[in-house]
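**Q** A single structure is presented below for examination.
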Amino acid sequence: MKILSGIQPSGQLHIGNYFGMMKTMIANMENSDLYVFVVDLHALTSVHDRQKLATGTLEAAADFLALGLDPEKCTFWAQSDVPEVCELAWILSTLTPMGLMERCHSYKDKVAKGVDASHGLFSYPVLMAADILLYQADQVPVGKDQKQHLEVARDIAQKFNNVFGETFVVPEPFISETTATVPGLDGQKMSKSYGNTIPIFLEGKQLKKKVMAITTDAIPVEDPKDPDKCNLYAMLKLFATSERLQEVRDLYVNGGAAYGYIKLELLDLISDYYADARQKKAEFLADPEMLRVILRKGAERAREKAVVTLDLVRDRVGLKY
Ligand code: TYM
């Protein structure tokens, strides 16, 4: 099975990205034909700073590799190194209904949060559909926030197949139930644009500051509380063993759950969980040329697949005169 997903290099990657997508992708490395890419063209919709975008791409690559992605066991590249995706995006855009695009909430959400209302931001889902369809992916692991974009990709694939004949695999989203929406410090979805993230590689005092800032209610320690309504418990669930979770759960239900202590426990768990990766990330970042070589090799492999699909598409639509 072909499994594909991408991530934007538009800021520090956070534990929502990790549990919503990266962890699933890394776990799929052994048993699937895996495609992982850093979507720098998409990031251009919100980053207009040459240095920031270029370093962001290398950092995101270092993050993925440090967390365990093996570039020998998958195809790993930077989106812009396979320019065929832009041509496919244009072709797809000519049969994407405006109504479909106008229903996409992420455009409105991003504009409401201050991102410039550019044409690129509006047509973001078409480029994402091209990303997926170009490689004929069967399955796309994402967080719940990308569900609508996957529906758009499926609609576009089906429309193309209806108009021009069977061409594209219609991709399926894969959204893990337990980590579909990882909450942020304030209980809303963890997101760069809400400023409520815990970056994966944060450590020491900075990490402590974040964890201590997780919002909780004001119910006294000795009173019973509902763990399933508690943001701190939701985060603990990602890192603690099931035995420990049961103990903490009992404290919530019976009284005795002290948020301050639970936060310190969570702090240690996060710190330990990413300790190895933190070390490896530093090693990767110390050698940016190696990162470039890895991405370029990956792009060569990705491009071999991309040209096959694009050639078929060109033929189907009549661009081969
Ligand atoms: P991006 O960079 O915003 O996010 C990367 C992945 O992280 C997931 N995610 C979350 N999952 C659970 N809880 C959260 N709080 C959380 N925050 C982020 C996202 O759902 C995503 O899976 N449009 C995509 C990038 C993209 C792409 C693609 C993905 C471009 N082309 C083709 C798949 C296939 C995005 O913005 O991801």
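Backbone N, Cα and C define each Cβ position, glycine as well.
TrEMBL labels come from automatic prediction, so no person has curated them.
These came from TrEMBL, pasted as-is:
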{"type": "BINDING", "residues": "Gln8, Pro9, Ser10, Gly16, Asn17, Gly143, Lys144, Asp145, Val182, Lys189, Met190, Ser191, Lys192, Ser193", "note": "ATP binding site"}
{"type": "BINDING", "residues": "Asp131", "note": "L-tryptophan binding site"}
{"type": "MOTIF", "residues": "9-17", "note": "motif ''HIGH' region'"}
{"type": "MOTIF", "residues": "189-193", "note": "motif ''KMSKS' region'"}
**Q** With a Cβ cut-off under 8 Å, give me the same-chain residues at least six positions beyond the ends of the motif ''KMSKS' region' (189-193) that come close to it.
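**A** Same-chain residues near the motif ''KMSKS' region' (189-193) but 6 or more away: 10-12, 14-16, 110, 113, 115, 145, 181-183.
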**Q** Return the single residue from the binding-site residues list (Gln8, Asn17) that has the minimum number of other CB atoms within 10 Å.
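**A** Checked Gln8, Asn17; of these binding-site residues, fewest Cβ neighbours within 10 Å: Gln8.
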**Q** Restricting to the motif ''HIGH' region' (9-17), what is the model's mean pLDDT?
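**A** The predicted confidence over the motif ''HIGH' region' (9-17), as a mean pLDDT, is 95.
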**Q** Taking ligand 1 as the reference and 6 angstroms as the Cβ limit (strictly under), which binding-site residues among Gln8, Ser10, Asn17, Asp131, Val182, Lys192 are close?
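**A** Listed by sequence, the hits are Gln8, Asn17, Asp131, Val182.
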**Q** Looking only at Cβ atoms, how many others are within 10 Å of the one on the residue listed as 'L-tryptophan binding site'?
**A** 25
**Q** What is the biggest Cα to Cα gap, in Å, among Gln8, Pro9, Ser10, Gly16, Asn17, Gly143, Lys144, Asp145, Val182, Lys189, Met190, Ser191, Lys192, Ser193, the residues listed as binding ATP?
**A** 19
**Q** Looking only at the motif ''HIGH' region' (9-17), how are its residues distributed among DSSP helix, strand and coil?
**A** 3 helix, 1 strand, 5 coil
**Q** Using DSSP, how many residues in the motif ''KMSKS' region' (189-193) fall into helix, strand and coil?
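**A** Output for the motif ''KMSKS' region' (189-193) reads 2 helix, 1 strand, 2 coil.
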**Q** Which of the binding-site residues Gln8, Ser10, Asn17, Met190 has its Cα closest in space to the Cα of Asp131 (L-tryptophan binding site)?
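**A** Closest by Cα distance to Asp131 (L-tryptophan binding site) among the binding-site residues Gln8, Ser10, Asn17, Met190: Gln8.
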